[in-house]
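Report on the following structure.
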Amino acid sequence: MGFDGDEETAPQNPKYLKSKFRYNSPFVQVSLIGLVCFCCPGMFNALSGMGGGGQVDHTAANNTNTALYATFAVFGVLGGGIYNILGPHLTLAAGCSTYILYAGSFLYYNHHKHQAFAIDAGALLGVGAGLLWAGQGAIMTSYPPAHRKGVYISLFGSIFNMGGVIGGLIPFLTNFKRSEAASVNDGTYIGFMVFMAAGTALSFAILPPSKVIREDGTRCTHIQYSNVSTEAVEIVKLFLNWKMLLIVPAAWSSIFFYTYQFNNVNATLFNLRTRGFNNVFYWGAQMLGSVAIGYLMDFSFESRRKRGIAGVCVVALLGTAIWGGGLANQRRYSIKDPLPPLDFKDSGRDFAGPFVLYFSYGLLDAMFQSMVYWVIGALADDSEILGRYVGFYKGVQSAGAAAAWQVDTQKVSYMSQLIVNWSLTTISYPLLLILVLLAVKDNHKNEEGTAKEADPTSAGSAYT
């Protein structure tokens, strides 16, 4: 979808435009994409958070997730271009439908223990996830007004992560009486599939950007549909774009740590029913984290650049403290010297420390990713450009995740995995600060709704 001329001002009734609950308002549309992700990747996250896809043996899930993120790495980058060509309905529905097959493949694996179907379903999900997240990123970063992107990112994050909370309740309740080591039952996978099917149907409720009207009467963009050759050229340019290169370490590390947290903390330290219990709070912490960082990055300072700097610094300090706590916890056990599985009811004080750490990992994840999304959203305001930017981010992110799942398959020590995760996130902070300083403008005049990117040479006046 290419930009065609200046942003339109929609001739609408002013009282009508002030309502956030209009179907064509950014608030409703971002809420809808949040619900779509609640049902699909939210449930996927809950399933992954069980460790090993809910299986005792992690091997099948690790190989499946490697295939998933390998294809996701490719289609994450291509997803923005595909979204610009197909629009939201086809892109999002095609992406959502692959989640159903993925959950179904583990239902099949529960009975037959054949990896091939699960691995194929994982590879197909990587294609679908690339499409879904490229569309989601374009919607979440371009539909809201420029001065409230943090709030809308928080809105999305809260709705989306509620999927992980509800999804965590499914295995917790359906496996409550099974405190011993075991794979989750069939009802768990079926429950996930029902939610994913609902998300696929809901994706057709998303409006294209040309039909979304902000409270000031402006449309998000006035668009023409793009074409394959244009998008191919623009995607190649991303790999030479200095802004995207500065984001690479943050993108690579942003879900690299999931493997360690899900498999080597939650699945290793806790029994089956407690893993589901923990996931309710892990994704609940994500809701809190997304709201907190969204508020900081929209309201902490008048200057948008200062808000970006504050957000990066706060996440860096919090991340250092939480990973430091992870180091202290990791020194207690290893692959060769495991601890007895903890139970939320029977383990008493021994459960408290690891539980708080796992909760804190969820808090940090949401704050880190919301902060990066805010920075990306500040680089441009047109859905076409932001679709490509988010697609690039998700592609690099997925390449990192593909590597991480294979690292775990090779039985790399838990301590080594923790140190690598901590190091990767730490490297990303100074690079994000440089990006904010050079590319995030305080003066947003004439940028909103255009296809122009932020000009790093224009500092402007304080943002109002």
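The backbone N, Cα and C atoms fix where each Cβ goes, and this holds for glycine too.
Predicted automatically and left uncurated, TrEMBL annotations should be read as such.
Cβ atoms under 8 Å from those of the transmembrane segment (27-47) belong to residues 20-21, 53-54, 92, 95-96, 99, 102-103, 106, 125, 129, 132-133, 135-136, 139-140, 143-144, 152, 155-164, 166-168, 170-171, 189, 192, 195-196, 198-200, 202-203, 205-207, 212, 279, 283 of the same chain, restricted to positions at least 6 beyond its ends. The transmembrane segment annotation in TrEMBL covers 27-47 (among others).
Summarising the annotation, TrEMBL assigns transmembrane segment to 67-86 (among others). Listed as Cβ neighbours of the transmembrane segment (67-86) (distance under 8 Å, sequence separation of 6 or more from its ends, same chain) are residues 1-2, 102, 119-120, 122-127, 129-135, 137-138, 225-228, 231-232, 234-235, 238, 384, 387-402, 405.
TrEMBL lists 92-109 (among others) with the feature transmembrane segment. With a cut-off of 8 Å between Cβ atoms, the residues of this chain six or more beyond the transmembrane segment (92-109) that come close are 33, 36, 39-41, 43-44, 47, 53-55, 60-61, 64, 68, 115, 117-118, 120-122, 124-125, 127-133, 135-136, 186, 189-190, 192-193, 196-197, 199-200, 203-204, 206.
Within the chain carrying the transmembrane segment (116-139), a Cβ under 8 angstroms from the stretch's Cβ atoms is held by residues 29-30, 33, 36-37, 40-41, 44, 53, 60-61, 63-80, 82-83, 88, 91-92, 94-99, 101-102, 104-106, 108-109, 156, 206, 209, 373, 376, 383-384, 386-387, 389-391, 393-395, 398, all 6 or more beyond its ends. Annotation source TrEMBL lists transmembrane segment at 116-139 (among others).
The transmembrane segment feature in TrEMBL is assigned to 151-176 (among others). Long-range neighbours of the transmembrane segment (151-176) within the same chain, counting only residues 6 or more positions beyond its ends whose Cβ lies under 8 Å from a Cβ of the stretch, are 26-27, 30-31, 33-35, 37-43, 45-47, 49-50, 54, 136, 140-141, 143-144, 182, 184-185, 187-188, 191-192, 195, 272-273, 275-284, 286-287, 289-291, 293-295, 298, 366, 369-370, 373-374, 377.
Beyond the transmembrane segment (188-207), the same-chain residues lying 6 or more positions past its ends with a Cβ under 8 Å from any Cβ of the stretch are 23-24, 29, 32-33, 35-40, 42-44, 46-47, 54, 88-89, 92-93, 95-97, 99-100, 103-104, 106-107, 110, 135, 139, 163, 166-167, 170-171, 174-175. The transmembrane segment annotation in TrEMBL covers 188-207 (among others).
For 239-260 (among others), the entry in TrEMBL reads transmembrane segment.
Per TrEMBL, transmembrane segment is recorded for 280-297 (among others).
According to TrEMBL, the transmembrane segment annotation covers 309-328 (among others).
Marked as transmembrane segment by TrEMBL: 355-376 (among others).
Here TrEMBL flags 419-440 (among others) as transmembrane segment.
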